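**Q** Could you have a look at this structure, given as structure tokens, before my questions?
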Amino acid sequence: MDFMGEYQDNCNGPLTSALPHSSFQSSSQSSASYSAFYAKLNRRDEFEPEAGGWSPMVTDQDPWLQVDLREQMEVTAVATQGRYDSSDWVSSYLLLYSDTGRIWKQYRHEDGLERFDGNVNSETVVQNKLSHPVKTRFLRFVPIDWNPSGWMGLRVEVFGCSYTSCLKWVNLLDKSYVADFDGRSSLLYRFNQKSMSTVKDVISLRFKSHQAEGVLLHGEGQRGDYITLELHRGKLDLYLNLDDSRSRFSSRRVPVTVGSLLDDQHWHSAHIERFNRQVNLTVDAHTQHFQTKGEGQSLEVDYELSFGGIPLPGKPGTFLRKNFHGCIENLYYNGINIIDLAKRRKPQIHSVADRMVGRRGEDMWQGSPGPGGQPATSASRTRASKRGGHYITHSTETSGWGNVTFSCSPPQLVACTFLSSSSSFLSLPSAAPPTGEFTVRFQFRTWNPDGLLLSVQLNPSPQKLELQISNSWLHLTLHSTGRQRSEVSAGRRVNDGLWHTVSLASRNLQITLSVDGEPSSNVELWEPVESRGSFYFGGCPPTECHIQAPAFQGCMQLISINNHLQSLKVADILSCRDKQADWIFQLKCNRNPAAPSLAEDYANKLLPTVLCGMLSLIILHSCGPWQTYELRKRLHVEGNIYRSEANMQTATFPCLPNLCEHGARCSQTWSSFSCDCSGTGYSGATCHNSIHESSCEAYKLSGSSSGFYFIDPDGSGPLGPTQVYCNMTEKKVWMVLSHNNSAPVKVQNSSPQKPYIMKFSYNASADQLRAIVTGAEQCQQEVVYNCRKSRLFNTKDGSPLSWWLDRQGDKRSYWGGFLPGVQQCSCSLEENCMDMNYFCNCDADTDSWTNDTGILSYKDHLPVSQIVIGDTNRTGSQAVYHVGSLRCYGDKSIWNAASFYQESSYLYFPTLQAELASDISFYFKTSSPSGVFLENQGLKDFIRVELSSPTVVTFSFDVGNGPAVLSVKSHLPLNDRQWHYVRAERNVKEASLQVDQLPLRLLQAPADGHLRLRLSSQLFVGGTASQQRGFLGCIRSLMVNGMTFDLEERAKMTPGVSSGCPGYCSGSSNLCHNRGRCIEKSNGYICDCSQSAYGGATCNQEVSVSFDRDSSVTYTFQEPFSVMQNRSSQASSAFTESRAREDMAFSFVTSQRPAMLLTVSTFTQQYITTILARNGSLQIWYHLQTDRSPDVFNPTPKNLADGRLHRIRIHRVGKNLYVQIDQDIHRKYTLSSDAELILIRSLTLGKVIRMDSFGEEVTKAASKGFVGCLSSVQFNHVAPLKAALTNRGSSLITIRGPLVQSNCGALAESTSHVLQDQAANEDKEQHDSNAQKDLAVIAGVVTAVVFIAVCALAVISRLLYQQRRAKRSSSMKEEHRHSTYTDYRTELHLHNSVRDNVKEYYI
């Protein structure tokens, strides 16, 4: 499948070794011994040692070395050395190539780089392979940088093969076969049989066109297969389907799209390689790999393939497109030269002319034009026969066949590319017609949403007409006297990169504007006007511009003024020098027909048309976004060396290739691009960063509770996010992945010959499952097999009758409890099988029901992908199986750590693969003031993250644009022996550095800079290659581009480094609970419970408060919570996916209904509230959009006002709402909006005073308040109930009514007894309606006595609890009186960074 790789391996011979001296030329030479012909690779002369390379004169301002290959060659690589046995070498250079030796083009790699890496000494050979080969005769090496301690020195070699050999290699002849399609015909290649079925296809061609639409290739089969390659909106679309009947009848077929602006009249290459369902589509060295739709492996095409159009309408599912208009060269289908067959009039090839006037919009038969759009001459007339609505033509001439000719007509259009967004413009003078009216017509295309298209002065003066693009619309403005002006708009989305036609005319006291033939817009005039002076296109001189719109960046063509098509010619070349001594070349445009055509002699030249010294650039005979690159000259001015810059232009497309990651959509202006990350699950300038955690363990560490979450197991790697359930228990955090068949399944009538088969589909791909299982500490899956006369193993030969398949699809026959390969069940291991003669209960083959249940825990085999049951076909035989969810716990990467205790020690890993994008994240703790965390170097490029001072972390790198440095400074020392988080990222758009929760630092990449980070050395962690400035301390959880580095394993074999990290807080054991944070101390640890709703030494003691009807607690947020909730999420404005998220949890005990539990309100009239309705059921209200009704959810009809303790957890991500009541499973609901809470004002527990926008039922509950006990209330990172108890005097806490610290658990237990007694009494009264009234009175008295006893018990419990708390507080103070615990005094700023303000609450 890698055709180009195989080709380059066979086209890599040396080309200069046999060349004569005359093939080497240079700009100059230092001496005769340094001549150009001494510049062959490995050249050395024992008799003349100095004759070992080329060196230019020191005064040479523009040095170059040129090689003439004597004929056109296919060049695939170049290599360089310095001058033999000297200090002269070139460290970087540019490579130019030419067919004539006069007009040169600059070679650029596919990533946009123009420089080649050179040498670091005089003898080492540095070879650079070309990312795409070039066909050329002349090569020119232009030195850019050289040894600063020496001079330039070069020996070179060129690798490749003759162009003839290249053609033969790809099954071509030594000729170029070209066909010119006029947009009205096509070629048919007929198969020898009815249909052609292939499992492998190779199709290659080159094409050029000035039309954005046109079919290049089409074929289809009756079973639903099809292949279509076509130009659409200037891009190349490939439709390919293999045996997919759904696509056959579908009205929407989705193509694979590559390329951009392919209708620019330049040659473009297309190459399709298919093997079975795997396809490579390459356009101009940019390859897209994909898999076809359908279940088949072969492509079946009936009768024929068509090239240049789809000539046979009427087949089911066929979609017609516009025929191709342009030239196709070297068209090969599976090694068959289609154009050669057509040229030689082989019977397999037919030329078809289309006369479907209704379908094409014009008669495609009569008056068919010849090459160049001219009518066909009598010598090219054809005879035709009609076939199925089309005409098959047979040529009577040798130069063409029907409407297809075998020579490519030169383009008649000249397009102008405007490069500068500030100063480029084109001035075209034109005499006004006798009537005084004027007309202007032209075509343009751009991606920029703003730009000035046309400007012209009008008579009577002072009037001016300006046409500009503004916010993607066309705006025509007529400036009159004073500040009067008239405006109209037309068109929309004219910045889509496609050609748009503009017509502007002045007649009958109107100026009309029309775009793409749409109805015109008019500007009314008071008097006739006429044009005065020149028409300025793309901009205007600063003295004549009325508006501040940027100059136009894009292309224009077919400029017509007063119905005269403007022909741009080059008149003369002027040069001048500006104040900085930079040379700028200017070309004047005129309409002199005697001047040479720019298309012939001056292609791709610069055309500034403004004053000397203003860099306004226009390129003719080409259309595309171009970038300016530098050729350096050395000028000696007053004894100092200055550099002057001559600019070369090279075409580039910002979205080709697409540098947006993870399937994000790329949109571009003429010189830059942006990425739309919506719906991808990623954020950042290039959608590189995952917005999800990598595991449930990571979610727990961030403070989340049990619920459904999206996890991204490889972070920024290629795997996407998947949804799992995180069950966060006290001891372990379980990650649960369910499958499509979790209920028990009954099986009957299966046999070994016809077994029952069930495939399990998980909510994750195979790669995601592998990553999840590999990253977990342990995984398991329960398999239950209930059987009655259904065996697992054959009793005779022991072969399995039932089995399961692992994630790789391999057959497994063990059923838990044993290692893989042992065909036994759990009962055999536990020695409790019902019949000890068998290894499984089911193998006893009894008539009664029994079961074999096992836990599969061998990670390499999990999860179960399929189960096969083959013994339920006998009389009375039956089985019921159940395969549980995949359950994993632990995250091996989080606590994977290494300790560095020698400054010269380090760990080394393979070179970072980080050319276009990379992210590095880790945790560290140290007491050292500085040290390098990691470093990777290349020849000149490098990347480094280090602690440069006790308070500063630095991220530095160099991709060829000079060192870039980002630093984050903390106001507190970072060498405090506590864990700190670092994340550094670099991509083609920007670089960023995040340290803990400190503000994110961003650095934009230069617009025209290098893109690729080229590294060659190993990655050093904890030190550098020089063994200096090494890091002393611990590093853990090191991840690069989603890959976890196993620091512990590498540390086992490295001196000066040990596995793990000492300290109480360095392991995965949960020393602190309920979001508590472990803080290392010199003699132990303490738990920071500031972000937990619990208190106590380990954050596991409940914080409870009793409310009455008038009680309420209001927590006022100190700053807008939507801003401070997650500062790191604001790293990139390009990320548009909703980050709306709330986590709420609380417990309560009450017998009141209705009742108000919790309310969150904002300054924008949004609110969230949870209430108990009149029937005691829980209601959750979300009012996110004030212009809509709130969303109301009733998770359960159960009465929760039953005096028992209930735990509520509410978790929202975007539109998804998850609710858990007590120990029930999470229930998922969908909100009507994913809006974020904007400017949160307050959170209230209990009675609400302000009820401005509440509904009737919420208002009723709010007025009733809450009577009962609330416990452990958490809202995101805020614990309002705990803050109310510990900060009663704070201005952020408002307490109304009595508020008594309580114990909800004890109160619930006692209250439940009361309610049970009350219920019993009520039942007794109901069933004994004839009881005496005095007994009822006695029962009431007894009830009252019981209630009083309960109250007394509650008071006693309260007193005992306060006494225990006082004892515990005093003992705690005694234990820590010599520690630095005072640094963690209680503060109210709960929402600030834990590390910025460390707090501790003990309740």
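Residue 1 is the first one shown; counting continues down the chain.
Placed from the backbone N, Cα and C atoms, the Cβ positions cover glycine too.
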**Q** Check for me: which candidate out of CYS888, CYS1034, CYS1089, CYS1099 does TrEMBL give as the disulfide partner of CYS1061?
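**A** In TrEMBL, CYS1061 forms its disulfide bond with CYS1034.
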**Q** Between the domain 'Laminin G' (1122-1304) and the domain 'Laminin G' (896-1061), do 3 or more CB pairs sit under 8 angstroms, pairs being 6 or more residues apart?
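**A** The answer is yes, given that the two segments have at least 3 Cβ pairs within the 8 Å cut-off.
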**Q** Averaged over the whole of the domain 'Laminin G' (896-1061), what is the pLDDT?
**A** 89
**Q** Taking 10 A as the limit, how many CB atoms besides its own sit near the CB of CYS1061 (disulfide bond)?
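**A** Result for CYS1061 (disulfide bond): 24 neighbouring Cβ atoms inside 10 Å.
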**Q** Which residue counts does DSSP give the domain 'EGF-like' (651-688) for helix, strand and coil?
**A** 0 helix, 13 strand, 25 coil
